[in-house]
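Everything below concerns the one structure shown next.
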Amino acid sequence: MGLPVELHFSIPAQLQFLPFLLLLCCLRVPVAPSAPASLAPPPGPGGGGGAELRKNVHARRYRYRAVVFQSGAVVQQLCSVCVFVVTWWYMDAGMLSPQGLFGAALVSSLLGYVLFDAVDGGAGRRESGRTRWADLKSTLVFAAFTYGFSPVLKTLTESISTDTIYAMSALMLLGHLIFFDYGANAAIVSSTLSLNMAIFASVCLASRLPRSLHAFVMVTFAMQIFALWPMLQKKLKAQTPRCYVGVTVLFALAALAGLATVSSVGAVLFASLLLAISCLCPYCLIRLQQLKDNIHGPWDEAEIKEDLSRFLM
């Protein structure tokens, strides 16, 4: 009998795991990849979501004339800044005396004061309970305080260069326009900050005028055009819209006429800006409103509509 012969084969290490790989390939079950949640199609009518699909639920529809009317507040503030800067330029050039500006401002303030009460028949004054004697005392205190500190205002920025003063004034007036209350309910609106920035710009510019009397008249004029004038305009807008439109147009023409005496190119550019704000921007808003397409449905976040004020007591 022949002896059994033992045969030894050396299997390469790379082929030792081949059976396991073949077994895994045979047992593998193909699964279709799921689409991401953001790319998944919305549920159809049978899925319970198509019937609840809503579009432009909270969209506001604007009319062109209404938007043009509301843009008058922006136009007026731009014109107020323009009138203030042109007036300062005339005083700095010696073409306008402080006595003349103070007299004109005093007459216009008296007329505006009478008109402020005549628009609503004094109803606003009766609701506030403020008397004319209180208004007169406030005016006298402000005038005396400003006149007493006018020498300080004149020498307040002597150590600062003129270019820096002009740059700060421009930034403050720009901030005044940004934060002014145009009637929108937004977090950026701050009437107090807007008025303070305008007064700060007037103090900076008044410090570059020749005398202390110039500084006093300039700050007083700034208070009239940036604080009192918008109050009158808001009342005109609420009580007599047609009169408000007429005053806005006349005020814009006066600002353009004054700017044209200083720079014709500046007057053309400023007129283009006013037309763009009052005519072109409302038209663009109406056109873009037609392209608005917001969808609402079951996928929106939940909103708590229950009155929770009782928990805040």
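Using the three backbone atoms N, Cα and C, a Cβ is placed for every residue, glycine included.
Here's what TrEMBL has on this protein:
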{"type": "SIGNAL", "residues": "1-33", "note": "signal peptide"}
{"type": "TRANSMEM", "residues": "64-90", "note": "transmembrane segment"}
{"type": "TRANSMEM", "residues": "96-116", "note": "transmembrane segment"}
{"type": "TRANSMEM", "residues": "136-153", "note": "transmembrane segment"}
{"type": "TRANSMEM", "residues": "165-184", "note": "transmembrane segment"}
{"type": "TRANSMEM", "residues": "191-209", "note": "transmembrane segment"}
{"type": "TRANSMEM", "residues": "215-232", "note": "transmembrane segment"}
{"type": "TRANSMEM", "residues": "244-262", "note": "transmembrane segment"}
{"type": "TRANSMEM", "residues": "268-286", "note": "transmembrane segment"}
Seg_contact(the transmembrane segment (215-232), the transmembrane segment (268-286)) with at least 3 CB pairs under 8 angstroms, min sep 6: no
Dominant neighbour of the transmembrane segment (165-184) in 64-90, 96-116, 191-209, 244-262, 268-286, by Cβ pairs under 8 Å: 191-209
Result, the transmembrane segment (64-90) in contact with the transmembrane segment (244-262) (3+ CB pairs under 8 Å): yes
Long-range neighbours of the transmembrane segment (96-116), counting only residues six or more past its ends (CB under 8 A): 87, 90, 135, 211, 213-214, 216-218, 220-221, 224, 228-229, 231-232, 235
